[in-house]
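The annotation compositional bias 'Acidic residues' is assigned in Swiss-Prot to 571-582. What Swiss-Prot lists as compositional bias 'Basic and acidic residues' is 583-593. Annotation source Swiss-Prot lists compositional bias 'Polar residues' at 600-626, 639-663, 675-693, 709-750, 800-828, 836-860. Sequence annotations record features per position, and here Swiss-Prot assigns compositional bias 'Basic residues' to 694-708, 763-784. What Swiss-Prot records for 1-20, 553-626, 639-873 is region 'Disordered'. Look at Swiss-Prot and you will find 61-94 tagged as repeat 'TPR 1'. The feature repeat 'TPR 2' is assigned by Swiss-Prot to 96-128. What Swiss-Prot lists as repeat 'TPR 3' is 136-169. Annotated repeat 'TPR 4' per Swiss-Prot: 251-284, in sequence order. The feature repeat 'TPR 5' is assigned by Swiss-Prot to 285-318. Look at Swiss-Prot and you will find 331-364 tagged as repeat 'TPR 6'. Taken from Swiss-Prot, the feature repeat 'TPR 7' covers 365-398. Look at Swiss-Prot and you will find 406-439 tagged as repeat 'TPR 8'.
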Amino acid sequence: MTDSDEDALKVDQGPSRDIPKPWVIPAPKGILQHIFGTSHVFQSICDVKPKVTGLTVPLKVREYYSRGQQCLEQADWETAVLLFSRALHLDPQLVDFYALRAEAYLQLCDFSSAAQNLRRAYSLQQDNCKHLERLTFVLYLQGQCLFEQCAFLDALNVFSHAAELQPEKPCFRYRCMACLLALKQHQACLTLITNELKQDTTNADVYIFRARLYNFLQKPHLCYRDLHSALLLNPKHPQARMLLQKMVAQAQQARQDAGILAVQGKLQHALQRINRAIENNPLDPSLFLFRGTMYRRLQEFDGAVEDFLKVLDMVTEDQEDMVRQAQRQLLLTYNDFAVHCYRQGAYQEGVLLLNKALRDEQQEKGLYINRGDCFFQLGNLAFAEADYQQALALSPQDEGANTRMGLLQEKMGFCEQRRKQFQKAENHFSTAIRHNPQKAQYYLYRAKSRQLLQNIFGARQDVATVLLLNPKQPKLSLLMTNLFPGMSVEEVLSTQIAHLARLQLEQMVEGSLQAGSPQGIVGMLKRHELERQKALALQHSWKQGEPLIATSEELKATPEIPQVKPGSSEGEAEAPEEEEEKEKEKKEEKKSELIPSKVASLSDSYLDQTSSASSMSFRTTGTSETEMSAICQEYRSTSATAVTFSDSSLLKTQSSDSGNNREALSHGPRKIKATQGQRQSLSKTEPTQSQRRNSSKTKATIHKRNSSKTKATQSQRRNSSKTRATQGQGQSSSKTEATQGQRQSSSEIEATQGPRQEPSKTKTTRSPRQRPRKVKAARGRSWRPSKVDATQGRSRGLLRSSTKTEAFYDSNWSLSKTEYAQGQGQRSSKAEGAQGKSQGMSSTSSKAESTWGPSPSLSKTEVDQDLTYYEAV
C-alpha cells in the first residue's frame, strides 16, 4: 500500500473520528438573554445541530467490505486485513469484520492476532458459538505449532486455554497430556489422565495411554490393569496387543532371572524378580507357582498357600500337569509348615496341617512319618504307631520310618514294663529289633524282660547279640553276671549261643539289605558283590579256625557228623588228616554253593521261634511232659542251681530238648571241683574198658549203623588225652556191651556215674547242645531191652533223612561230653535187662522208657551224649 493511499485513508477517516473539544467554562444560564434582552435574533445560537453522517459511513463500510471479500477470494490476505481494519475504524461495533480479519490473520499464520480478533468478536456476541469454536480451533492450531517447535510450555498454555474455553472437548486435554509428557512431568500427566478417566471410561486409548505411563513408571500391575480394561473395550486394539506382548516378554525375562537367582541361593532377590514377572503378566499361573515355591523355601507359608490356591483357581481343565504341580507344592507347604510348628513346639497345629495334606494325598510316606512324630510328642503312641505302620506299608525299607518305629516300640516297651506287663514289653522290644536289628540296646532291654519272664535261653541269646554288636554297652555286665556266671566275654562269644546269635543277626541284616536292594542291573551287581564278600568271609573264618558248617550235599553223602575245628572251645580236636579232608570238601562246596541250604533253613526256623518263643529247637518232635519231668528230677539231684533255671524254662515254654540243655549249661553247678578228684580216680578203669570194646566187630557195627553220632565218636578217638581216646572208642557192638555189663556190676555203674556228673574244666566250656531223652534212662537206671535198642536203630535211620541238620548241630555242640557217656554207658541187651532187674525199676520209669524208646528223634548215642552233658552240669 502506497503513501498516497494512506493519506487518503486518513482524510476519509477524519469526519468519523470524535475530536475532543477543549474544556471551557460554561456560561451561566440566561446570560444571552441577559445580554441581548428581549431580542430574538440570537436566541438560536445555543441549539446543537446534528451531524449528517448516516449516508457517508455506511457507504464506506460497504465499500471496504466488498473490497475485503474480493481480497480473500484472491488470497490477498494483507489487503483484506487492511480493508477490514479501515472498516472497523469507521465502525468498531461491526462484529463480522473482526471474524473476517481473524480469517485473514489465520491464513497469514498469525494465530495470536486471529485469536485476538475472535475473542473480540466473541465478547461482542457471546451467544454466537461459532466465534468460540473458531477461537478454540485457532488456539489448537497455535498450540500444535508450538508443540512441533518444541515450545512445550507455550503449547501447554495454549491448549490449557482452549480446554478452559471448551471443557467438553477432551482433545485439548489430550494435547495438554502430551505437553506434560514432553516436559517429563509424569505425575502431573498421570493426574490429568486419572481425572479424564473419571469423566470418560469408554475410551480405550486413554487406558492404553495411562498403561504406557504406568509401564514407564515401572508399575506393571497398574499397567496390566489398564491394558486389560482397554482390551475389554476394544479387544482388537492394535496398540493394546503390542503392549501386551511387550509385557509378556518382560515377564518371561523376569522369570528367567528369578530362576537363576534361586539356583544361586539368592531367594530374596529371586522373589523380587518373580514379583516383577507377576506384575507384568498376572494371568500366568506358572509365575504364581514359582513364587509360591519361593515363599515355601523362605518359610513364608501363608503367602505360599495363598499362591498355590490361586494357581488352582486360575488353571483350566487342560492344564493337568500344572494342577498336579500345584497340589504337590501345596502338600509340601503343609508339611513344611507342620515341621516348623513341630520345631516351635506347636504339635497340635502340626497335626492339623498334616491332616489337611493327607486328605488330598495318601501315598506320601513323609506325611505319615511327620504326623507320627507329632503324635509321639503329644503322647498318643497308638496314633503314632499307626502312622509309622502306614509309612512302612508304603516304603518297608525306609530308614527313618524303621528308626522311628524302633524308638516308639522302645518307649511302649518301657511303659509296659512300668505296668508289670513283661510279656507285652518283650513283644514291643522284639518289634523294635525287627525294625532295627543292629541296635544293641533293644536286645539288652528284651534280655531284661525275658529274664523276668524266666526265659533264660532267650535272655542269654540277646546278651550274646549285644556282645556281638556293642561289647561296651552300659548295664551289660550285670546281665552277664546273672546269665553267664563266671564266664568272660571271650568265653561267651565262643559258645554256640553266640554262634546262633551271630547267625540270626546276619540273617536279619541280610534280609533287610536284600529287601532294600535296587532292582535291575545295579541290584544284581550288588547282590553278587554281597555273595562274594560272604564267600571271602567264610574262607577267612576257615583260616581262623571257626566251626565248619557242612552243606546239604555233604550231609547226604556221608551220614557222619563233622567235628568242630581246633579253634573252637566247644568240641574236641580233629586229627590233621580229617581236618585237611574237611577243608578240601568245604572249598569245593563253596565254589558251587556259597550259602548252605541246610544252615539257612536252620536259621530260618530259629528266627521264627525266637520272634515269639523263649526257647529254640531244631527238632520236629519235642519231648513229652513225662520226659521233661524225669529230666528235671535227675537234674535236681545234680545241682540246686541248675534246678531253678531248668524248671523255669520248662514251665515257661515246654519247648524242645535243645533249648533246655542250653539253659542248663550256662547255669552249671558249683560241685565241679569236688567231683574232679573222683573222676580222676576212675580214669584208669576207662582205658581198659574202652580197649576191650575196640574190636573189629565194633567198627563193622559202626559202619552198619551209618549214624551221624557214630562218626562223631570216631573223630574223637584221635584226641591226644587218654580220657578222650577212651571216650571216643566208646561205641562198640552189642557183644562188647554185654561183656562190659557182666564185668561191671550195677553198684559200680552207679558209683561211676555218680562222681561223673560234674565235668572237668575243659568240659565246662563246651557247647550246650545236648539231648536229654536218654539221660532219664541212664540216671533212672532203667536200661532198655534189646527190642528197644533195635527200635532206636530204626529210628536213627528216620532221623537221618529228616533232621540231618539237627544231627550236625548236635555233634558240634556236644562231643566231649558224649565220650564219657559212651565209655561207660554201653551195655548189652542181656546186661541191661539184668541191671534193670537188680536195680529194682519202678513201674513208672519202665512205662516212661517204653514210651520214649521208639521216638524217631534220638539215637542211643545221642542219649548218651545228653547224659554226659547233664552229668557235666
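Here the Cβ of each residue, glycine as well, is placed from N, Cα and C on the backbone.
Predicted, not measured: the structure shown is a model, and the values here were computed from it.
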Composition by DSSP (helix, strand, coil) of residues within the repeat 'TPR 7' (365-398):
28 helix, 0 strand, 6 coil
Could you tell me what the rest of the chain brings near the repeat 'TPR 3' (136-169), counting residues at least six beyond its ends with Cβ under 8 Å?
102, 106, 109, 111-112, 114-115, 118, 175-176, 178-180, 182-183
Could you give me three numbers for the repeat 'TPR 2' (96-128), the DSSP helix, strand and coil residue counts?
26 helix, 0 strand, 7 coil
Under 8 Å between C-beta atoms and at least six residues away from its ends: which parts of the chain pack against the repeat 'TPR 7' (365-398)?
331, 335, 338-339, 342, 347-348, 350-351, 354-355, 357-358, 404-405, 408-409, 411-412, 415, 435, 512, 515-516
Mean of pLDDT values spanning the repeat 'TPR 3' (136-169)
89
